[in-house]
Amino acid sequence: MASTSNAKLVVFALDILCTLLALVLISFGVYVIVSYNLNQIGGLAAYGYVALGVAALVVVLWGYLSAWRENVCCTVTFIVFLCLVILAQFAVVYLLFTQDKSVAANLASAVDLSWEEELNSPGAMSLYQNWFQCCGRGSPQDYIVNERLPPVTCFRDHDKSKPENLIHTGCRVEFENYWLHLTKIFNIIGFVLIGLELLLSVASCRLCNSIRNDARRSYF
């Protein structure tokens, strides 16, 4: 019984860690979906993070209940489905990881929409220009070709009195770099989640063996 109790504790601990990481991935995906106007590829990437977390939550809940009930059949079924989920998750994370530049470029499409708004309603780009210390979609030249002067948010410290204060970096590049850095972090979290799930499958196998051994001993 002691070995079974120890195995259950390990399974429960891994369940908790997997749950936390899954919630982080879901929160990130939902934040991206709710906060930005995404194109098709950007939306698919955001839903990919949500799917990773939801799949982990469902299978981990099943694993928790199987361990709590100490049911061999449920535990074996859980291990099989966990392995299938791990394969699916690995495919998604691998795709997000290898296509991170494309994903970042598509997530940054929100800047393009803001620039279109800026042309009709000056000030729409202010958020990005203040946030990333950038100017225009590609450069300050974007304002000039549209017969407008760069706004005050295109100058360092909002000081237009000195021409050298003009920021020459475009917001599209800065926003892409922001998403590239952010997606790399969450891709790593995805791989860590998969690693913990692999450990969970091993721990569940040990728990299943312990439950069977305890059942055999009860006959003697």
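Backbone N, Cα and C atoms are what each Cβ position is placed from, and that goes for glycine too.
Since the structure is predicted, the reported quantities are computational estimates derived from the model, not experimental observations.
Copied over from TrEMBL, here are the features:
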- 12-34: transmembrane segment (TRANSMEM)
- 46-65: transmembrane segment (TRANSMEM)
- 72-97: transmembrane segment (TRANSMEM)
- Cys134-Cys171: disulfide bond (DISULFID)
- Cys135-Cys154: disulfide bond (DISULFID)
- 185-208: transmembrane segment (TRANSMEM)
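The most densely surrounded of the disulfide-bonded residues Cys134, Cys135, Cys154, Cys171 is Cys171 (count of other Cβ atoms within 10 A of its Cβ). A Cβ distance under 8 Å defines the sequence-distant neighbours of the transmembrane segment (72-97), meaning residues of its chain 6+ beyond its ends; these are 45, 48-49, 51-52, 55-56, 59, 62-63, 65-66, 103, 183, 187, 190-191, 193-194, 197-198, 200-201, 204-205, 207-208, 211-212, 215. A straight line from the CA of Cys154 (disulfide bond) to the CA of Cys134 (disulfide bond) spans 6 Å. The two recorded residues, Cys135 (disulfide bond) and Cys171 (disulfide bond), show a Cα separation of 6 Å. Outside the transmembrane segment (185-208) by six or more residues, the chain places 4, 7-8, 10-11, 14-15, 17-18, 21-22, 24-25, 28, 49, 52, 56, 59-60, 63, 66-67, 72, 75-76, 78-79, 82-83, 85-86, 89-90, 92-93, 96-97, 100 with a CB less than 8 A from a CB of the stretch.
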